[in-house]
Amino acid sequence: MMYFNSLAMFLIFTGYLAAAFALQVPKGYDQENLVLGLIYAFFTLYILFQHIPISLVVNPFLAAVSFLGKPVMKLSERIRSMLYFGGVLLIIVVVVFAMPETENTNRVQRLTGFIGLLFFLGGTFAFSKNHRKINWNTVSGGILLQFLLGLFVFKSSVGHSIFQWIAVFAEGFLSKSWYGTSFVFGEDVANSGMFFMNVVPVIIFFAAVVQILYYVNALPWILSHAASIFSKVLGITGPEAVVAVGTSFLGLSEAPLLIRPVVATMTKAEIHQVMTCGLGTISGSVLFAYISMGVSGQALITSTIMSIPCSLAISKLRYPETEKSSAAKKDIAVERDTESYNILHAASSGAGLGMTIALLIIANLIAILSLLYVVNALLTWLGNFLTIQKLTLDLVTGYIFVPLAWLIGADNQDLVSVGRLMALKIWANEFVAYNEMQTVYLETITYRSRLVTTYALCGFANFVSIGIQLGCLGAIAPKRTGDIAEMAISALICGSVCTWVSACFAGMLL
């Protein structure tokens, strides 16, 4: 019966695809046709591997890799790791500098981005907790995967079309929250453009959708299989892989709940990894909030996905594993929602969680912005005695961040502006920084500077998020609060470095 159901679904989907292509392809190339074809391929493989062991495909591939890699395996592990890391850097250099120059980037600007990449990796290595214990395979694999993702998006028409479609789909899908908002508050309020009305309904709607996906076991299936791939490719433990993938969907406070039973027994390096992943990415629940400000949805989605392998690489470079992990051999599985009685109950639970998240964001924004204005007023008052006009925190820290703005590839005339935004994102948060970029600096900085800044700001690495993480992880594992607090600043810096490295790649591949 199971075989018949699978065959029936395959034939129905195949018939639909054939009819759709017959009607749409003659009208010209459409990126939605490409996406539909990819969905069909994924669906076909999913059905196929329900009845055929995946080992039939994987084992021959692994055997071929093992055979071809025999000469390399005879070398010492240290030499292999050095060759791997050097090979990754060589691939980046050859690909980046072999590409022709474009309107938005030349080879000098690409060299700047490559210097930035070396600086951030070298700086993280210099302050590593234990240089001898660094797993260079994880570091090299993470950086290579991040580069390949960026190359796929920036230099491949297929990759560009896929991510552009995802961005348009995400914007259109999340914008449906307007209908619920207009029903409750009226169209005039829904169209008012207020930050509250643009952000809160979207977060509530997305949280409800996520909970429904949990209930129907769609999200647990995706997370488990994606985490399994990351675990095998990059050599990380199951819980680390689950959180790394989950943060892009759920965010820094909800993703750790996926591994709640094992947090108390995780090593310090694993906890540092969990914190870095949360701070180095953004979640889907706030994606449309940034898009509604006018920020590029494609850049946001690309940056978030690129930062996943980078967060693994940077964290393992800064805080390598020195203990024996009890989670190393645990199965990679994400439990489905068993508490909800039906889809409506799941949606209601998700909406409640979304409201909590939205109110927390609003409360933090009110508190942070108010405190920033107090600090700026105090600095301006003190500056007046020295005839320094409008001395503010973002002005001071902006100049401090000018070298970092240059390293990520911002244009020279925009270094101070980009530096201010990078500093503002850490002292306040990415909401405030993106809002500042879209209102104050939108017309004053170049397209290139705006793009690399979008990547550099695309993460939760700020002092408020550290407080949220301390509360969340501390509630899950009260006995590990001291360890969590000890690694907080390190995770904050590593999370920031992840987004800066993504900005370097964006500047090189633009």
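Backbone N, Cα and C define each Cβ position, glycine as well.
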Please find, within the list 161-182, 271-292, 425-446, the residue stretch that TrEMBL describes as transmembrane segment.
271-292
Considering the transmembrane segment (391-409), which listed stretch of 81-99, 111-127, 229-251, 271-292, 452-476 counts the most C-beta pairs under 8 Å:
111-127
In the domain 'Nucleoside transporter/FeoB GTPase Gate' (197-294), how many residues does DSSP assign to helix, to strand and to coil?
81 helix, 0 strand, 17 coil
